[in-house]
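Over in TrEMBL, the protein carries these features:
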- 57-106: domain 'Phorbol-ester/DAG-type' (DOMAIN)
- 120-173: domain 'Phorbol-ester/DAG-type' (DOMAIN)
- 211-352: domain 'DAGKc' (DOMAIN)
- 542-575: region 'Disordered' (REGION)
- 20-40: transmembrane segment (TRANSMEM)
Amino acid sequence: MSMEGDEGNRDQSSREEWTLLFWTSLAVVVPVIITLWCSVQRSKRKIHMKDFFRKSKHGWHCTDLFNKPTYCCVCQQHILQGAFCDCCGVCADETCLRRADRSLVCKEIMAPSQADGTLEHRWVRGNVPLCSVCVVCKEQCGNQPKLCDFRCVWCQTMVHDDCKASLSDGERCELGEFRSLIIPPHYLHHVNKLRRRHPDEYSKLASACGSSWTPVLVLANTRSGNNMGEALLGEFRTILNPVQVFDLSELPPSKALQLCTLLPPGSVRVLVCGGDGTVGWVLDAIDTMKLKGQDQFIPRVMILPLGTGNDLSNSLGWGSGYAGEIPVEQVLRNVLEAEVVKMDRWKVQVASKGLYFRKPKVLSMNNYFSVGPDALMALNFHTHREKTPSFFSSRIINKAVYFMYGTKDCLVQECKDLDKRIELELDGERVALPSLEGIIVCNIGYWGGGCRLWEGMGDEPYPPTRLDDGLLEVVGVFGSFHCAQIQVKMANPVRLGQAHTVRLVLKTSRMPMQVDGEPWAQGPCTITITHKTQAFMLYHSAEQTDDDDESSTSEAESSAPHDSPKPAGPASARA
């Protein structure tokens, strides 16, 4: 009896173990299956919605959670998720989306004006911005828990439901605070009707937009730095005409800038949202316009820094990086207040040794050229980013990776004995090099993500730098650790001189090189840097850069072309 009892206990224990195993497996497998099923359905939904958005006249974007109380513009119900148009501000639940697309008209980029040449308000009901004020009664709008009140998509005027009838019939849309930056839809309508497209005709049409009309084009790189480009595109489309806002991941700047040829000559300003590489891309497209004989349509360029280094932005007074600390409205005000300056651009010609029948590699330079440890860090960073681009989505992560590679080079010293492998000539005069690991040729005041390289510690006299004098500053560094010391103002660079033409001859081995953050490994060659052209940039003299000391103001002023010129000649600042 005892044996049968033991066997029964074992069978019961075994059944309990199998039951526990079954339910444990079920608890693990079922959520996985549900998650995979939801993921597949979500992917199908995204593909379906993407096709629908592509055919729509609205600029729809899906969201899983609105960041403020939102109501569907069709069914007027409170919604947590759905879609919104970043051009006109219409919001809709997913079930009402197709109906909203058919019945609610978006912001028209091109439309005829009224008989008197003015523009009517284009009202959208509900979901007005927080803390907005009615233009009639001056009371707060949008403070009721329902779809209420109106907003004009052009001038951003707000009005209560009850106050809308009080607006006079003769009141027209004046395009709001930024009327001098917006391309009115009736202007493009008249341009489209022109039989003879000539700059004089554009100037006549522009007279109706006011004497201070300086339309702005926004070119944003959604892949730059901290990935803020896409959100900025939506905010600019809300305020400006959507035709003025371009995503450079979808349309190259050479095509986007063709809109300048439909606007009055010399009136256009371009706001580049991206890093220094994006700015260089846009400036190369402007050079292409010059080759096409479109010099009179050349725009003035302003920078909203979204990249990692942003040295050109720092030199022009726009700061070391934008992270949403000021609203886009203030960014547009800065466009209005900025002054126009000239900036030198340079041609870098790389002729490889022994390849006499191959054309030399030709690059454009705005910021700096370098060979040595900083180019090696940029090359390692670039190689790593190409392998895992999703990892480099933050400016802080990018700088941390740079620091890691700089620390590695302090130990390895891959670029030592550079002075034995390279020859340097400034304006045709040979320069004797000390024991260096790197040479940097600068056009602007900032280098390496906010460091004033030519200034160093500021304890020694040195010729000032300028953007438009046709001179380059040439310095040497002893290694990665020396670069780090210069960045924290604990050491001075080896100032080799200033020159109009720089020539470097790499005699042996391969060395890392970079132009404006674009690195490559180069074998024996001859590098010649000569003046190429000048670009019209927008300079913000009132903006402090990333340092808090008073010298930040003096550096910004010394970069401006209205300061006293610096001495010419290659021997003006020998170490």
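Cβ atoms are placed via backbone N, Cα and C, with glycine included.
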Task: Local confidence of the prediction over the domain 'Phorbol-ester/DAG-type' (120-173), expressed as mean pLDDT - done: 88
Task: DSSP residue counts for the domain 'DAGKc' (211-352), split into helix, strand and coil - done: 58 helix, 34 strand, 50 coil
TODO: With DSSP as the reference, give the number of residues of the domain 'Phorbol-ester/DAG-type' (120-173) in helix, strand and coil.
DONE: 3 helix, 12 strand, 39 coil
Open item on the list: For the domain 'Phorbol-ester/DAG-type' (57-106), how many residues does DSSP put in helix, in strand and in coil?
Closed with: 10 helix, 14 strand, 26 coil
